[in-house]
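A short write-up of the structure that comes next.
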Amino acid sequence: MLEIKNLKVIFNENTVNEKIALDSINLTINDGDFITVIGSNGAGKSTLLNSIAGSIEVYEGSIINNGKDITYMKEHRRARFIGRLFQDPLKGTAPHMTIEENLGLAYSRGKSIRFGFGVRKKDHKLFKQACEQLGLGLENRLKSEVGLLSGGQRQALTLLMATLKTPELLLLDEHTAALDPKTSRQILEITKNIVEKDKITTLMITHNIQNAMEYGNKTLVMAGGSIIKVLEGDERKGMTIQDIMKLYAATDEMLSDRSLLS
Amino acid sequence: MAFSALIQSIELGLIFAVLSLGLFIAFRVLNLPDLTVDGSFVTGLAYSAVWTVEGNPVTGIVMGVLGGTAAGVVTGILHTKLKIHEILAGILTMTGLYSINLMIMGLSPTINFYGKKTVFTFAENKLLFNGTSLGKLVFLLFITLILVAAIYIFLKTQIGLSLRATGDNEAMVRSSSINTDAMKILGFAMCNAIVAFSGALYAQYNGNAAHSVGVGMLVLALASIIIGEAVVGRRGILRNLIAVCVGAVIYRIMLAKAYQLGLPVTGLKLFSAVMAVAAISLPLARSEFLKWRKRHAGNKKS
């Protein structure tokens, strides 16, 4: 269980460009939740994920993972139990290393001592099986350099690397946004299968409202650095894209009123 | 070129192959061109010389390697913890080492110990072939091969994979539970340890140590790496490592040829720089030429 309490993030503090990126967020993510996050640009979606992963400094508030305060834990330490995917498929893999070397690296996640070979004989079968479940034929190309793969294949591989050692939390930051619609759908299905199979607690940002409703069991709607709506259960099932658009529109009005008054 | 001169060029080439293997770790694996090598080469040279004078050549090499490692750690900390640009971090350490190396050498810019017992002594006048001893060549070949094998195996271990990934895609490594700062410091340390080892061998091979010899070592190693890649290719790590060694030997043979054709000793550093520029620009020039020819041919047809 991940608890976020009163989380506040401020960019460019004490300058004219000061911006409250996250404004007192409270959120509890239960084990096994698959939460989708939507909201317009600048709503704070990525900032929320970045502060959970530890790549940005938190102004106040706390992030507690399974009872342990990780608010100020270093990024690479958190990476031991948090898996992460970015929008850019090139960001998640090392292009000049082979598929199995990339997987070997991912498989050693969480171990502090890293001696012994990166790709051991006994891991081979595991890597092959893991690649087979993607259905992209990567299992026959384990010795190929990752730089030779397509964007979709690289993103699928990144997903595999993030989940090879089942993480306590998986953060997906628009991980299919840079892919064509067909590949995007394929990667989403693979994501769903892996997440459901290993019951991974997941937070997924998307700009595709339909995907946000279709996948997962909860949806967060964010605007202006706050969570304006948590959709779950029957209310979520009944939601149409039009309803969501109305939610967006309402916040736009609210924001413009606020900015007019200030 | 006389046979004995060729053998000597290959021997020196192998010593500089060690140097280039060191730089390879910083430059190709971590993608950080490390200027510390100009200083750490002399650190190895200096320790090696003062201990050989005392009659302990092996201690000299060990001390040299430790000195080089320390220099690399300093550059690594400057770069990762104090956020100094990698080139500047290297220059700073190199500049500081200039004084430190002089102190190691007892404030004398040259040390001569010709005739003292060195690590090469046992191999002298062994394995005679055409009147030239191949003992030192075989010994150096053995050292280089061991080093290539060690680096190759290291780069296949988990920590080696982490090091390579840090140079390949830092963003990915940071989100995969590896401490990139530690990896970079390790890389700088290994690079300079190996470079200092090369310096230590160089001193004992020549029987003297000159404080000024370090200038341009980075350029020399760079030229060797790129020449090797052009000749042998760079697919796969083992091939890459062998390419570096081959490049260093080719470089040295070309230098010997240039001396033979009348290059004055003062022209050595200029030669290194020109060779590096040529090696870097040749692949570009070739592809530009091919493009030009293709366009030209197209114009003719229409």
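Here the Cβ of each residue, glycine as well, is placed from N, Cα and C on the backbone.
Taken straight from TrEMBL:
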{"type": "TRANSMEM", "residues": "B:12-30", "note": "transmembrane segment"}
{"type": "TRANSMEM", "residues": "B:58-78", "note": "transmembrane segment"}
{"type": "TRANSMEM", "residues": "B:90-114", "note": "transmembrane segment"}
{"type": "TRANSMEM", "residues": "B:134-155", "note": "transmembrane segment"}
{"type": "TRANSMEM", "residues": "B:182-203", "note": "transmembrane segment"}
{"type": "TRANSMEM", "residues": "B:209-228", "note": "transmembrane segment"}
{"type": "TRANSMEM", "residues": "B:240-259", "note": "transmembrane segment"}
{"type": "TRANSMEM", "residues": "B:265-285", "note": "transmembrane segment"}
Tertiary contacts of the transmembrane segment (B:134-155), as residues 6+ beyond its ends and Cβ separation under 8 Å: 7, 10-11, 14-15, 17-18, 21, 24-25, 29, 120, 122-128, 161, 163-164, 194, 201, 205, 237-238, 241-242, 245
Whether the transmembrane segment (B:90-114) meets the transmembrane segment (B:265-285): three or more C-beta pairs under 8 angstroms: no
Contact yes or no, the transmembrane segment (B:265-285) and the transmembrane segment (B:12-30), 3+ Cβ pairs under 8 Å, gap 6+: no
Residues from the same chain, set at least six apart from the ends of the transmembrane segment (B:240-259), whose C-beta lies under 8 A from its own: 1, 5-6, 8-10, 12-14, 16-17, 19-21, 24, 28, 144, 148, 151-152, 220-221, 223-234, 265, 267-268, 271, 275
Long-range environment of the transmembrane segment (B:12-30) - Cβ separation under 8 angstroms, sequence gap at least 6: 37, 41, 137, 140-141, 143-144, 147-148, 151, 155, 163-164, 166-167, 183-184, 187-188, 190-195, 197-199, 201-202, 205, 217-218, 220-222, 224-225, 228, 240-241, 244-245, 247-253
Other parts of the chain folded back onto the transmembrane segment (B:182-203), taken as Cβ under 8 Å at six or more residues beyond its ends: 15-16, 18-19, 21-23, 25-26, 29-30, 32, 34, 36-37, 40-49, 52, 60-61, 64-69, 71-73, 75-77, 79-80, 119, 140, 143, 147, 159, 162-163, 166-167, 173, 209, 213-214, 217, 221
